[in-house]
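According to Swiss-Prot, the protein has these features:
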- Ser25: active site, schiff-base intermediate with substrate (ACT_SITE)
- Tyr58: active site, proton donor (ACT_SITE)
- Thr57, Gly73, Ala74, Ala75: substrate binding site (BINDING)
- Ser25: pyruvic acid (Ser) (MOD_RES)
Amino acid sequence: MYTIMLKAKLHMARVTHAVLDYEGSCAIDGELLDLAGIRENEQIQIYDVENGNRFTTYAIRGEAGSRLISINGAAAHQAQVGDRVIICSYAHYAEHELATHQPALVYLQDGNQISHTSHAIPVQFA
């Protein structure tokens, strides 16, 4: 049996472009893709913190170092420039992989600069 687990997350990215007439997808700065371990053409989920929209698309490589987050095609209706988004990818893991699985978490700050990275989400307290 396989379990779907969080593989990677870009937390609080800022949308820099929303291009309706582009072929589709989400262009992400290549450095951020590599750091998170998200592959080009990999399915991603995007959660817009500003409006609550959640949608699925795929990642394409943006210019390295540009800090680009471009929501393209029909998905451009779901997010606006300046919106904070959480970009996640998930993968299927076999039972024997679960004990050692650690997601790649990349936390971003203003200008989509890297704040820090982690492999565990902090425990939430009541």
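Every residue, even glycine, has its Cβ placed from backbone N, Cα and C.
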### Task
Could you state the whole-number distance in Å separating the C-alpha atoms of Ala75 (substrate binding site) and the residue listed as 'active site, schiff-base intermediate with substrate'?
8
### Query
Three states by DSSP: which one describes Ser25 (active site, schiff-base intermediate with substrate)?
strand
### Task
Provide the number of Cβ atoms within 10 Å of the Cβ of Ala74 (substrate binding site), excluding the reference atom itself.
12
#### Entry: the residue listed as 'active site, proton donor' to Ser25 (active site, schiff-base intermediate with substrate) - Cα separation in whole Å
5
